[in-house]
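Per TrEMBL, the features are as follows:
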TRANSMEM  33-51  transmembrane segment
TRANSMEM  137-156  transmembrane segment
TRANSMEM  162-180  transmembrane segment
TRANSMEM  192-215  transmembrane segment
TRANSMEM  230-247  transmembrane segment
TRANSMEM  259-278  transmembrane segment
TRANSMEM  298-318  transmembrane segment
TRANSMEM  327-347  transmembrane segment
TRANSMEM  359-380  transmembrane segment
TRANSMEM  392-412  transmembrane segment
Amino acid sequence: MAPKAPESSSESSAAPQTNAKPVPQPFFLPLNVVFYLCLFSNVLAAVLAPIQDCDEVFNYWEPTHYLSHGYGLQTWEYSPEYSIRSWLYITLHAFVAKISTFFTRTKSAQFYFVRMALAFTCTMCETRLYSVISRTLNPRIGVLFLMIMLFSPGMFHASTALLPSSFAMYTSMLGLSAFLDSRRGLQTARGIMWFGIGALIGWPFAGALVVPFVLEELVLGIIFQEVQPVFSRIFSGIARCLGVLLLEVAVDSFFYRKLVVVPWNIVAYNVFGGAGKGPDIFGTEPWTFYARNLLLNFNIWFVLALSSGPLLALQALFRPHKTSKETLLRSITYLFPFYLWLGIFTFQPHKEERFMYPAYPFLALNAAIGLHILLAYLGSNNRQELVGRIPVKLKFAVIISAALFGLNLGLLRIVGMTTAYNAPLKVFGDLEQPNITSTGDFVCVGKEWYRFPSSFFLPDNLRAKFVRSEFKGLLPGEFVESKKSGPFAGTWMVPSGMNDMNQEDVSKYVSEFSDRALIGPRNTG
């Protein structure tokens, strides 16, 4: 059956009877168990997951390191000339990193402390969404959703990544929870607020995920002639988002020392960049990129997510008694955001794995609903249908085999990632030992500069430098150190040698370096 509306659920709102059956529990798994399962999974990711993207290091870990330690590497995006990265997002994490300095001995421990905070945040969001899905849709959908989230490689590295797209994923879970949960009335304003926070502080394009929910509200408002209350709720949500935007503008303007609206700058650069600019100069991929990537990160669950729409349509056509019009409309609303997101980004030439992060919870929900519909069909005992004549044990064996296949594929991928790609997080470990380095030393990285795990893995007296290699694009520079030019001076002083066209700047290289400090192969072309 399709997910049911809570008000019309035969399982949750049966009429009072003298011999009434006990009300089913809303959860297959108690919330405290779910919380600890999610926390365990996310803590493992915080400790073991490699850094998937050099953008995470240079655009987010390095600025976080700068605010908490006064120095770090700076990309062109943080130059006040371009200002397309928000310091509010960085400040939230730098505050956590700064707190950790009071009880950690090494900077690498601070790195993992921030990751632990991200793991806890993701856990809270996942538990909240599981709770609402189980109460509002169906307990089975809730536990299927949980299973997919726990055992998917995609969630393993997205859950604790220091990326705006991961932040948008957290807020998308909270926004979806608000739109799903109508126990205390419609929470449209709260849902819009959470999606808005993800779009403003995190990634502006994540705002597209709220569109299906707002459209559903408008359609229902027109049908039931309640347009004014609908607009009132929508405007209330927008007003909350404007409050968040004002806070962001204030924080970013403080750091950049000029009035700046970073979300608009991000959209303007990515959409209206002009010739020789914009994201495409950093590489393009074929339209099949996300299909292949999501198959790798979600295996059979991605196939189920894609199939959920057709499965719902088939159920509505051939089993209309299982799906009311209200339930069908709601189900379409829940399923559509993933299709919308995948469609938008499939047709963008520049593609990155992290661009899918905000839609991961929607992928898991789609897959859970699709599997729920399949299980309802396979569970039929109607002898007039072919599926009803298949032995129960055979159907059970097929279902369990498919589920175990998907779970094992996910676990093998996770093990592969943590064992084959974790060297960058370990290679600098010996530098934290006493008497290994001295003030003025630096670590040089060559053509594999993109594997550098951030200054959190270098002692305070050591700096990262670049040597010339076969890479011919623009490398990061360095923030002006706070102890030389004042607190946070690097956030507002315009650095030299920056451009938004990925043009090489030779001043980013060092010509002299110590052989004992060279990390990685050097290739001068």
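The backbone N, Cα and C atoms fix where each Cβ goes, and this holds for glycine too.
Between the transmembrane segment (298-318) and the stretches 33-51, 137-156, 192-215, 230-247, 259-278, the greatest number of Cβ pairs separated by less than 8 Å involves 137-156. Non-local neighbours of the transmembrane segment (137-156) in the same chain are 3-4, 24-29, 34, 37-38, 41, 44-45, 49, 126, 129-131, 180, 294, 296-298, 301, 334, 356, 360-361, 363-365, 367-369, 371-372, 375, 403, 406-407, 410-411, 413-414, 417; each lies 6+ residues outside the stretch with a CB under 8 Å from one of its CB atoms. In this chain, the transmembrane segment (33-51) does not touch the transmembrane segment (192-215); fewer than three CB pairs sit within less than 8 A of each other, excluding pairs fewer than 6 residues apart.
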